[in-house]
Amino acid sequence: MKILVVNCGSSSLKYQLIDITSEEALAKGLVERIGIEGSILTQKVNGEKYIIEEPMKDHKKAIELVLKALVDKEHGVISDMSEIAAVGHRVVHGGEKYASSVLIDDEVMKALEDCVKLAPLHNPPNIIGINACRELMPKTPMVAVFDTAFHQTLPDYAYMYPLPYELYEQNGIRKYGFHGTSHRYVSSVASEMMEKDLKDLKVITCHLGNGASLCAVKEGKSVETSMGFTPLAGLAMGTRCGDIDPAILLFMERELKMSPDEVDTVINKKSGVLGISGVSSDFRDIEGAAEEGNKRAKLALDVYHYTVRQTIGAYTAVLNGVDAIVFTAGLGENSAASREEILNGLEYLGIKIDAEKNKQRGKQIEISTEDSKVKVFVIPTDEELMIARDTKEITVK
């Protein structure tokens, strides 16, 4: 059974065709510059690249070319579109309505439209991608898998902001959390590596990429997470500020005469480690600059590591202990130095790291020592596989 997994951005589209029986990705692809000059599709099959360069005025045209690439006689992996049993779509925001993945119908599409106000940057391209697929593949079942769904198990005292209650009731202002599919995947893999039931474990998962969030998992459920109403909250990130005093925004508007759009650009695109370092939002560049003596680059890393360490400490209190800590995503999987710095200062938890094992990059591995009281894992995330699994579960009766 083959499942197409689609992740639509505003001008890009990532996809994978997964054989769900073997859980193997048969093809992976990226479409860039949709609706912009220089549109390009790059597909990889067994390490071989296949490139299509032609104008793509919209996502429908992009999906057409994806399907064309998948069935291409020379470079494709299927002989006919009918081999695609179902399509799984990554959707950033499901609001309070969806605590799990769902089969897409007209009612679901309306609910996704209603969530646009909660995710104005992300949900519209997700919806456009779904509509394009439904138009081109009308008989193929489609499933929406939400970034927010895993966190719908947060208790009310964890998701409620101390604001007038009407803002929650009337406008849906509360903590939602994101990266849920990733947190769900790596926590389940950690339990497999420990040969224990996830329901018996307390796990802290650290999704550390350009966007970053932590999640506290208890009895297999998310009970706390660092992102909030939007993906801006929580940790310092590549270009996002994370948690700051909200009055700073008022100061920027009133005293610095910045418009709301200008403030938005600063806190979303010019802050985080980029803002502090003045070097880059890429941690590899910042680590390089810090090694060469750039003090602001070192400070940016120190702030970042501190916010992650601080949050891990808080989540051990939320969970009343911790059995495992998991690192995933770009930085979490590949930066031994960052993992070491983050865990440095958490020795009171009984954490001991094997320095040699910690040098591994991008591999699934336990990096704690045998006598460490808390297990520490590096687990490459696989959100696409999780989306494919959910899609199979919902469409195969």
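Quick reminder: no glycine exception, Cβ is built from N, Cα and C everywhere.
Annotated features in Swiss-Prot:
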type     : residues                                                                          : note
ACT_SITE : D147                                                                              : active site, proton donor/acceptor
BINDING  : N7, E383                                                                          : Mg(2+) binding site
BINDING  : K14, H207, L208, G209, N210, G211, D282, F283, R284, G330, L331, G332, E333, N334 : ATP binding site
BINDING  : R90                                                                               : substrate binding site
SITE     : H179                                                                              : site 'Transition state stabilizer'
SITE     : R240                                                                              : site 'Transition state stabilizer'
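On the structure: features taken from Swiss-Prot.
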residue: N7; record: Mg(2+) binding site; Cβ within 10 Å: 22
residue: K14; record: ATP binding site; Cβ within 10 Å: 17
residue: R90; record: substrate binding site; Cβ within 10 Å: 22
residue: D147; record: active site, proton donor/acceptor; Cβ within 10 Å: 26
residue: L208; record: ATP binding site; Cβ within 10 Å: 25
residue: R240; record: site 'Transition state stabilizer'; Cβ within 10 Å: 26
residue: R284; record: ATP binding site; Cβ within 10 Å: 12
residue: L331; record: ATP binding site; Cβ within 10 Å: 26
residue: E333; record: ATP binding site; Cβ within 10 Å: 20
residue: E383; record: Mg(2+) binding site; Cβ within 10 Å: 24
(request) Between the Cα atoms of K14 (ATP binding site) and the residue listed as 'active site, proton donor/acceptor', find the distance and write it as a whole number of Å. (result) 16
(message) Show me the subset of N7, R90, D147, H179, R240, E383 whose Cα is within 10 Å of N210 (ATP binding site); these are the recorded positions I mean.
(response) R240
(request) Give the distance between the Cα atoms of D282 (ATP binding site) and H179 (site 'Transition state stabilizer'), rounded to the nearest whole Å. (result) 19
(message) Excluding near sequence neighbours, so keeping only residues 6 or more apart in the same chain, what lies with its CB under 8 A of H179 (site 'Transition state stabilizer')?
(response) D147, H207, G211, S213, C215, T225, M227, A329
(request) Return the member of R90, L208, R240, R284, L331 nearest to E383 (Mg(2+) binding site) in space, with distance defined Cα to Cα and candidates limited to these recorded positions. (result) R90
(message) What does the structure give for the C-alpha distance between E333 (ATP binding site) and R240 (site 'Transition state stabilizer')? Integer Å is fine.
(response) 20
(request) Sorry to bug you, but what's the C-alpha spacing from R240 (site 'Transition state stabilizer') to R284 (ATP binding site), rounded to the closest Å? (result) 17
